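**Student:** First the structure, which I've put down as structure tokens, then a few questions once you've had a look.
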Amino acid sequence: MTQIRYTRNLFLRGICVVYLFAFASFYIQIPGLYGENGVLPARTQLENKGRSLASNLQTKPTLLWLAPYIGLDTEYMMDVLALMGMFLAFTGFTSQKFCTVPILFGLWSLYYSLYQVGQTFMWYQWDILLLEAGALCILVAPLRYQVQSRRRPLPPSPSDPVSFWLVRWLLFRLMFASGVVKLTSGCPTWWGLTALSVHFESQCLPTPLAWYAHHLPEWFLKLCTAHASIMEVGLPILFFFPNRFVRYTGFFLQLFLQVCIILTGNYNFFNLLTMCLCISLLDDEYFRAIPHKKNSSAGTSRRMYYASQLINFLVHFLVLYASVVLFNIRLTPNNTLDLNIAFTKQEFDWALSKALPAVIYVGLSSLTIHILKAVMLSVLEPQTTSAKITTLLSTIFYSAAAMFIFGISIVPFSTLHPVGNTTVIPAMREWHSRLDHLHLTNSYGLFRRMTGVGGRPEVIIVGSNNMEGPWKEYNFLYKPGNVNNTPPFVAPHQPRLDWQMWFAALGTYHQNPWLMSLTYRLLTGQKEVLNLLDKARNPFPVKPPKYIKANLYHYHYTPWSQRWTGGSWWTREEVREYFPIYSRDHAPLLDYLRNLKILPEKGTPVPSSKVNFVAKSVLDNLRFFVSHVEASVLLWSIFMAGCVIIATKSTSQPSRK
């Protein structure tokens, strides 16, 4: 059986990096989003009502219930959990010895605890993807770190490939579902291959390179749209191909897709997490082959190596040929490409009804083969009888866990088409329902429909001290507002308020009740919330305005010629009023916030908790220091510090002969 120990270790350390970015980004925003004076105070999610700790944990499993037992309130406890997550993730990133089950279970528990009170600001697919990937890491990671020497390397565990296979299955479900939902949605931009002509302009937080990508030739953008569909729908099934070189090629193709997304859009840690999942397509043979390119067969005969490469070439040639046929790609007299989807929606629906059960059975067969190999290896491995029994029992346990997780993962995956219901065993559906709150398996599907076809919608909040004006605009740190502002590079940080403003622009303020809380916090000048905005350009630096309202605008990128002459990145036109004028003492607004428990009832004092003085001082001083560093700079600084530690440890170790 192919060894995957080094590959597994690389994956686990990559996940620790993702956790590090996720916890650090979240920590920065806690006071403004979840503090007592934040947009959605976390305390509203933890109604004690005199219940016991055990009862509270059963109702809403989160470590935040422990806050009063250690002398903290909810906000400071969130600080502690985020900082603990950063610390554990940093140790796992810098040292392999900390990539063990206890550490990774701690990371998952901490992030899950924060997710439980995250409300709308954490209802993103990458948050549940991190929870699912983090849960798999608990199975993938070793129970404890074992020191190995070059003279006597540790024998591979037969169950390692079985548990690591689940990561590949998660990657497959993520990519395949994300591609399928684009076509099943019936979105005309995906079916017309014009999605990327809209996407670079309408995505949540574009980078500067997105402006240039938007102005690429139309035929090239259509080709890129077709390429995205092929990468997400056609190629993922090859993740289970028995030829390792096919999987290696799939790794680089998926890596290329993620890099392109990173360059043109700020999707926080999502692309880095996806790249970590792609590591499951590799094995230790790949890394052994790198220093010996002349002997890249890695122990197999040269003839077998060339045969494997030939199979790899033929497989991807067939994929290329099928792509040309299915997307009707042809060369025009102008030496450009013309293409369109050559199949109908009905034909795709029929193909999906056949393909969905097939890929589930392919996954089941692949997992079964891995399990059988693991069991055989644990039986045939030369070792003492007691060690052999222990190894066999361990293999059976991990195999049963893998088969169970595979079974419940089919439940959300089968929703891609009604025919998928026939592949779900009723018992698995019941177990998935019981465990659904833990997000061990989830359904995915990104960019189901392309928004912003008629112009990118943006909510612009303005304030004034007079109802007649003048109205001054609030500037956010990262989302488009001022047409002259350069789109930023902000990933892996996720400014969650900026993201929610993008979603709010797609609907109404009635569908986004948190907007009313944001409005009230601006009317009262809450510094915690103002810290989430651009303080340097605060239109009311001394005293908050008496009135606030919001207007809806449509944004477009400036034409290629205007960008170089006028200096603007955007043009915009006002569409309509988004929400009406509110004042600080507006009775309906106050009643609305009281109903949401964001504000206390009339005549009721604000609930307060006794906070340990020493802990409060330490946490406040740390918060003061962090608040003076820009978020993305802070995240990359922590990452670079970890890289320096790794490099220092590597150079300080004595060479072994």
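The backbone N, Cα and C atoms fix where each Cβ goes, glycine too.
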**Student:** For the transmembrane segment entry in TrEMBL, name the matching range from 248-264, 265-281.
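**Tutor:** My reading of TrEMBL: the transmembrane segment range is 248-264.
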**Student:** Any contact between the transmembrane segment (121-141) and the transmembrane segment (219-241), i.e. 3 or more CB pairs below 8 Å with pairs at least 6 residues apart?
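**Tutor:** Contact between the transmembrane segment (121-141) and the transmembrane segment (219-241): absent.
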**Student:** With a cut-off of 8 Å between Cβ atoms, can you find at least three pairs linking the transmembrane segment (219-241) to the transmembrane segment (392-413)? Only pairs 6 or more residues apart in sequence count.
**Tutor:** no
**Student:** So which residues does the transmembrane segment (310-329) touch in its own chain, when a touch means Cβ under 8 Å and the partner is 6 or more beyond its ends?
**Tutor:** 193, 223, 226, 230, 234-235, 238, 241, 243, 245-246, 248-249, 337-343
**Student:** Hey, which bits of the same chain come close to the transmembrane segment (392-413), Cβ under 8 Å, at least six residues off its ends?
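**Tutor:** Same-chain contacts beyond the flanks: 136, 139, 157-159, 162-163, 165-166, 169-170, 173, 177, 360, 363-364, 367, 371, 374-375, 377-379, 420, 423-425, 428-429, 431-432, 435, 440-443.
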**Student:** Cβ under 8 Å, sequence separation of at least 6 from the ends of the transmembrane segment (98-115): give me the contacting residues as numbers and ranges.
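**Tutor:** Residues 9, 12-13, 15-16, 19, 22-23, 26, 61-64, 78, 81-82, 84-85, 88-89, 91-92, 122, 127, 130-131, 134-135, 137-138, 141-145, 438-439.
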